[in-house]
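What follows is a set of notes on a single structure, which appears directly below.
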Amino acid sequence: DVAYLRSVLPSTTDDAFFDYLATLDASEVTVTAIPEGSVVFPRVPFLQVKGPLLVVQLLETTLLCLVNYASLVATNAARFRLLAGPDMKLMEMGLRRAQGPDGALSASRYSYIGGFDCTSNILAGKLYGIPVRGTIAHSFVMSFRCLEEVQPRDLPPRAGGDPVDLAGLAVSWLQRVCDLLQTPPGKANQGELAAFVSYAVTFPCDFQGLLDTYCVRRSGLPNFCAVALALHQLGYQAIGVRLDSGDLAQQSKEIRGVFRACGSHFQVPWFGTIPIAVSNDISEQSLEEFRKEGSEIDMIGIGTNLVTCPLQPSLGCVYKLVEVNGSPCLKLTEDEEKMTIPGMKAIYRLYDAAGHPFMDLMALEEEPSPSAGQELGIRVLGQLEETTKVIPTTVEPLHRTYFRDGQVCEPLPSLPEVRTHAQLSLSLLSPSHRRLHEPQPYPVAVTERLHRLFLELRQGS
């Protein structure tokens, strides 16, 4: 690394500088942070780094790279989870649209933290233990032309016994299903039926259908029902279908009606509850429309609008110097929102009697901690000209020390633990702060002492 820097820095650079770079030691750095998966509000420092100036300057780009996209995707995923509700299954499937393979892996990991249930990215499953899910592809369905192409086609009953020609059994069921649905069997695409049979022979315990390669009502749906009922006759149970085009909410209701009709008519009780998954450029607006119209959707696959975050393509986390050799410092600007809050700080979350956080409070590190039930005089950012009095029911210190003297000094949570913590953090917010449309602003405040320091530095500058 030093040799490379010699090749790109000016030739006049003192050799002693390169000798100094080789002595840098990250063990002199101390890192405190708000636990991963916590809800964090604007202006609150979620991570603080202490150490030799050059070392902490070198860490700036690395830390921001690790935090910005990760927080953006986790936040975006949390918004989708809030809109979908707790019972809807959400599958991340953005690998083909993500910002390269590294971005795709990050998106899988951090959308899982944000509340998604699974990913289509098999490598993310291997590396991080995220549950993996997927469905068959249109290209697979289209690769078949007729039932003669299905090899093998025999499937033994689940309870044991002689293998049965599943293709022939599916054809007989297709006639019965079409009679029930009052649709001509000849309209059902034979290549699609062959694809479903081939998949079912290979994965009889995990059969699922992609219904919209040709026509959902006249082909995909009757073909799926025929193969699923043939499997049922042999003791197996289909696990679901997927829609990828059209009016997804309306189609899901129509498909559910067909499943219930088949379940009732053919006396197969579980048939009416076959899970229905949807995809096709799903956005926040899509979820709002599903909820408004009503649907029978059980799982939603979201890709582009999750991993590329079109509503806000980047997150503006910043890394600012607030103290040098014990002397607080302040970045001044005409834009008050971009002014830094000086000094090393402790961060507290204040809770009301209902258990909801109602304010985050920044204090100088050496100040005594606020206490529950104690009246506090504070200054809310954006309203610094006036003092506000608050009495918290509970006070939670947010920062923990994670790295000191070259050692990790706080147990690092597993990915499922971070995900659980993220969902808990969101659930604690009051509904007025959690809603996505016109939420009540969440106040962030400073103590009177920190406010005085801010004024002194500002006036001194």
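Quick reminder: no glycine exception, Cβ is built from N, Cα and C everywhere.
Copied from TrEMBL, the annotated features are:
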type	residues	note
DOMAIN	1-68	domain 'Nicotinate phosphoribosyltransferase N-terminal'
DOMAIN	345-453	domain 'Nicotinate phosphoribosyltransferase C-terminal'
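Summarising model confidence by region, the domain 'Nicotinate phosphoribosyltransferase C-terminal' (345-453) averages a pLDDT of 96. For the domain 'Nicotinate phosphoribosyltransferase C-terminal' (345-453), residue counts in helix, strand and coil come to 24 helix, 38 strand, 47 coil, using DSSP.
Residue counts for the domain 'Nicotinate phosphoribosyltransferase N-terminal' (1-68) under DSSP (helix as H, G, I; strand as E, B; rest coil) come to 33 helix, 8 strand, 27 coil.
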